[in-house]
Amino acid sequence: MFSCFLLVLRVGITLVLRSARSLHAPRTPHAAMADWTDCLDFGISLAKQASEAVLTAFNRQKEVKLKSSPADLVTETDQRVEKMLISAIRKRYPQHRFIGEESVAAGEPLELTDRPTWIIDPIDGTVNFVHRFPFVAISIAFTVNKQTEFGIVYSCVEDKLFHAQRGRGAFLNGEPLHVSGQEDISRCVVVTEIGAERDDLALSTLTSNIFRLLKLPVHGVRALGTAAVDMCQVATGGADAYYHIGMHCWDIAASAIIVKEAGGVVTDTDEFDMMSRRVIAASSSSVANRISQVVRAFPCRRDCGGAPGANGGAAL
């Protein structure tokens, strides 16, 4: 009888000690919602709602304002869609943070922290939108601990919804996506953009990069006017690589995880850094490496602050 009592006492003490240790054990930030699928589903539903506003305004006359250059435009629809998205997300997830293209343009700080953060481009391809060129996308990415958990790109006019969740694959309208797997640069279609930079150094660098790529040679160089859709072409296998210098984090945050989850490679000078304003996305490491050998960068101030990249003029 006494031995049974000792056994019960020992078990009880063990349970108490385990409970105490668990109370003091370090917790992973935001571990209570590690899968984030509810946020993804909500983001997809919001992208579909926002596309209705974009499509309604697509064929109408637009009031256009300039931001940093004659190629950096904003419309009332850009601003309205971003406010709508942030308002809806904030109502449902009041503790979450936001990085939005138009909010930053209006003076809000651009800071990526460990807290759950939505990175939003309400209309990627505003110049296209103004001219009714049919490549216009809503781009939404979600990060936790500075790691992208999912990305959503909705090409509104095409009615193509791309999405990916970390470790769960990439999809286009519900169908799985896979990159081409091409490893021979001479058999590649490469996508890029000129961007909004219009100073002499930027323009000469950008045009000489295209010249060097064509001389490799490659099958062709294309530009659709929206970084998000460009990168998604790599995810579909329709293009084999994409590179860009001078874009912003909201242009590529969502599409980067879509390319990765489709089996592609997303890189910069070393590992991918969405704040560096430089990116190469490719069907394979060999294609990414070959592009990095010939494409030159020009100095761009990091999105999260700091001086322009020290490798201005050096190969990516």
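Every residue gets a Cβ built from N, Cα and C, even glycine.
TrEMBL labels come from automatic prediction, so no person has curated them.
Annotated features, as they stand in TrEMBL:
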SIGNAL    1-22  signal peptide
BINDING   Glu101, Asp121, Ile123, Asp124, Asp251  Mg(2+) binding site
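Shown in sequence order, Val136, Ala137, Ile138, Ser139, Val153, Thr226, Ala227, Ala228, Val229, Trp250, Asp251 are the residues of the chain, 6+ apart in sequence, with a C-beta less than 8 angstroms from the C-beta of Asp124 (Mg(2+) binding site).
Just so you know, the Cβ of Glu101 (Mg(2+) binding site) picks up 25 other Cβ atoms within 10 Å once every protein chain is counted.
Excluding the listed site residues Glu101, Asp121, Ile123, Asp124, Asp251, the same chain places Ile120, Pro122, Gly125, Thr126, Ala137, Ser139, Thr226, Ala227, Ala228, His248, Trp250 with Cβ atoms within 8 Å of the centre of the Mg(2+) site Cβ atoms. Asp251 (Mg(2+) binding site) has a Cβ environment of 29 other Cβ atoms inside 10 Å. If you take the C-beta of Ile123 (Mg(2+) binding site) and look for same-chain residues 6 or more apart in sequence within under 8 angstroms, you find Val54, Thr75, Thr77, Asp78, Val81, Phe129, Val136, Ala137, Ile138.
Of all Cβ atoms in the protein chains displayed, 30 besides its own lie within 10 Å of the Cβ of Asp121 (Mg(2+) binding site).
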